[in-house]
Every structure is written in structure tokens, then in C-alpha cells.
Amino acid sequence: MDGNCVIIGHNRYSTAGKKKSGINCVQPFVVYTAMGTVAIAHNGELVDAKQKRKEVLHEGVGLSTDTDSELIAQMIAKAIALNVKCQYGQDIGDITRELAVTMSALNMSYSLLVMTFDRLYAIRDPFGNRPLCVGTVLSPDGNPEAFIASSESCAFPANAKFEFEVKPGEIVELSKKGIKSVWQMKPNTPLAMCIFEYVYFARNDSEIEGQQVQSVREECGKTMALEDDLEADIVGNVPDSSLSAAIGYAAQSGIIYEPVLHRNSYVGRSFIQPNDLMRQNAIKLKFGVLKKKVQNQRIVLVDDSIVRGNTMRTLVKMLKDAGAKEVHLRIASPPVKFPCFMGINIPTNLELIAAHKTIPEICEYVGADSVRYLSVDGLVSSVQKGIERVANFSPGHCTACLTGKYPVSIDL
């Protein structure tokens, strides 16, 4: 670790901006500042992006896109320019103060990686809305070889050691000198960690808030079974993120688990495709029915969520066409009724089936014999059951897409 080699990457499309699918919106964003090149990768979405954009433009800063990620990059560049005179004689790559100034001007939601020529900063908003963690990559003899930061610990290589999650409001610096916390804003009370990370986004082997996502999803399945009173022959699931909930439901209910659908591993997640046509095409390619498992069976089909209803309607028909006697949907989260303005690609409620249909109407639409959701209280209790309490922090989760109660006012 004698030299400096810093790498930054990003693997998801933007959720903000009218032209978010444009090639110029691809992250990381790179800006040229008074102290050299700075690159950022952003997970989340600024709820007050429109107002901040007006402020930045009125200050004479030009923007090449309408995404909030570029807006953050330009705000960092501005803070660097205003403080450049104070940097003479200082550590050239250190922009801790400039990042702290930028953080104080931002609202939720963001987890950021910011790269200078010789170091990487991991930054999390004071609400802790999006996950972020850091680790150490070890050499074959067990010595530190590099340092790494990611939204999820599952992205760490096999030879990496998980160190800790970035605290809400914290700036962590990663350089050849090691990992150190260089700034801590007062966290918001209560916190507003996105509960949908547990429902769908996070991978099972990731660690969030001190607990494995797999364990939380199993607990959701158990809680759902306790809230249910269904008689059936087998419990199946929609692969892959709902497997843990199905295992939990089967364990609690005593109904045997059997796989009923095969997922094509070479097709990506249909939910995060940027438009409906791409989502529909992905669904058709994604699943196949295990016919011998479903014939003449009363099936409890577990899924993590129903957002638009496109996938579920197709799957129920596929199962019944294959000979299933009954298909009962059990959803390991409450109905998604409200838009998300903090990083999930649900900008309006127009496409949300639960926003416009009652549960009986949803049941009729998807062609199931019954539909039942996990309650909001059941989800929250399942998530918070295993959280390691952090000193001076009040655990809390954003349930806005489920309840309509947003942690901050929204700039529409």
C-alpha cells in the first residue's frame, strides 16, 4: 500500500430527472474543481432537488443534466472553490471540510462515495436512509491490502473483512493510511432507514443495521404466518428475494416448502427496469413452472411485494395453467400505496396497484384465490427485532411508500 490507486464505480440508473436514462446521467459523475478532479457515486434521491437546482443555477453554476447526483457534485465543487485559499499548505486531497459544508446544505436522501486523487470518502445522510458500509481487503497472509466501501457488504470480495456501517451523518475517509471517521453530524431522531431495503433491494447475505437480511426476511415470513389462518398443501415462492420469507412462513405454519417456479438467472430484476415495456419483456423471460410440484396442489405463493401487479398476474396464470388447484398469495410486506421520493423508482402512485384497488380487487385482478399482506406493524417489528442498538441513535425506519408518512416535507 505504498502508492495511491483509487477506484470508484456505480451500477444503477438514476431515479431523478426527466432525462434520467440519458448517457450523460450515468454515474460516477466527474467534475473538475479548484483542487483537481473529483468523482462521486450517489445512492438515493434528494427530496428538495428542484429548489437546490434553482439555487445553484442562480449562483452561476452550469449543469449539464437535471439529475440530483450532478447537483451534489457541483455543490461539492463550489464548496472547494470557496475554501481553496485555506487549503494552501494543507493535505491537498483532504476535502473533509468541503464535504461537511455540502452535507449541511443537503436534505435526504443520499449515501455517497466521493473520490479525490488519493482517497475515497464514504458519506451517509443524517437520516441513515440508504445503507453504506466499509471494509478491509486482506492479502493472502492476512495483512491489509486495500480498503473498500459499498452500499451493501455482499459487494465485498471474499478476502475482505467487514469493518462497520457508516453511521447516519458520518464522513469516513479511506486512504493508504487506513480507515478513519473524519466528521460526524448529529443524526436525525428518529432515523429513517428505508425499510424496503429489507423487503426487496438488499441481497440476503448483506448485513444492515447489525443483522443479516436473510434473518429479517425469515422473521417476516414467520410473522406473516402468525397473522394468517390458511389451510394449504405446499408453500412456494417467487424467486429469489422472497425465498427467505417463504422458509419462515413454512417453518411457522407447519406447511411443507416446495419450489414451484424456476427463475432464469440470466434475466435481471424486472422491477428496476426503467420503463414498463422492458419490465414486461423481462417477466416473460424470467420464470418457468415446476409442473410436477404444482399439479393438484393448494399453493401458498409467497412474494416480497406487489408493486405494479404485472409479474404476479402472469405467474398465477402460469401456475393454474400447469394444474395448481388453488393459488393463495401471501405478501411479506404491506401494500405499496404511495410514491417514493428518496431513491426507489416509484415517482408517482399511478402504477401502484394497491393505490387504486382494494385487496379483493387485487385478488380478482391477479386471478388468485386469496391475497393477504403482512401488516405494517408486523414488518416493523420483524425488522427491529434483531437490530443492534447503537449508542445515542434512535432506531427508526422510513415506511412512506406503505403509510404515506414521509420523514421530511417533499418538494414536488
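Each Cβ is built from the backbone N, Cα and C atoms, and glycine gets one as well.
Copied from TrEMBL, the annotated features are:
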DOMAIN    1-177  domain 'Glutamine amidotransferase type-2'
BINDING   C194, C340, C398, C401  [4Fe-4S] cluster binding site
BINDING   S241, D303, D304  Mg(2+) binding site
List, in sequence order, the same-chain residues at least six positions removed whose CB sits under 8 Å from that of D304 (Mg(2+) binding site)?
V199, Y200, R217, V238, S241, S242, A245, I331, A332, S333
Neighbourhood of the [4Fe-4S] cluster site (C194, C340, C398, C401): other residues with Cβ within 8 Å of the Cβ centroid, in order?
N129, I195, F196, M342, G343, I344, T399, A400, L402
Just the number: how many Å between the Cα atoms of C194 ([4Fe-4S] cluster binding site) and D303 (Mg(2+) binding site)?
19
If we count other C-beta atoms within 10 Å, could you say which of the binding-site residues C194, C340 has the fewest?
C340
Going by Cα-Cα distance, pick out whichever of the binding-site residues C340, C398, C401 is nearest to D303 (Mg(2+) binding site).
C401
Using a 10 Å cut-off, grab the number of neighbouring Cβ atoms around the Cβ of C398 ([4Fe-4S] cluster binding site), all chains included.
26
If you count the other Cβ atoms within 10 Å of each Cβ, which of the binding-site residues S241, D303, C401 comes out on top?
C401
What is the average pLDDT across the domain 'Glutamine amidotransferase type-2' (1-177)?
89
Other residues near the Mg(2+) site, CB within 8 A of the CB centroid of S241, D303, D304?
V199, Y200, N237, V238, S242, A245, V302, S305, A332, S333
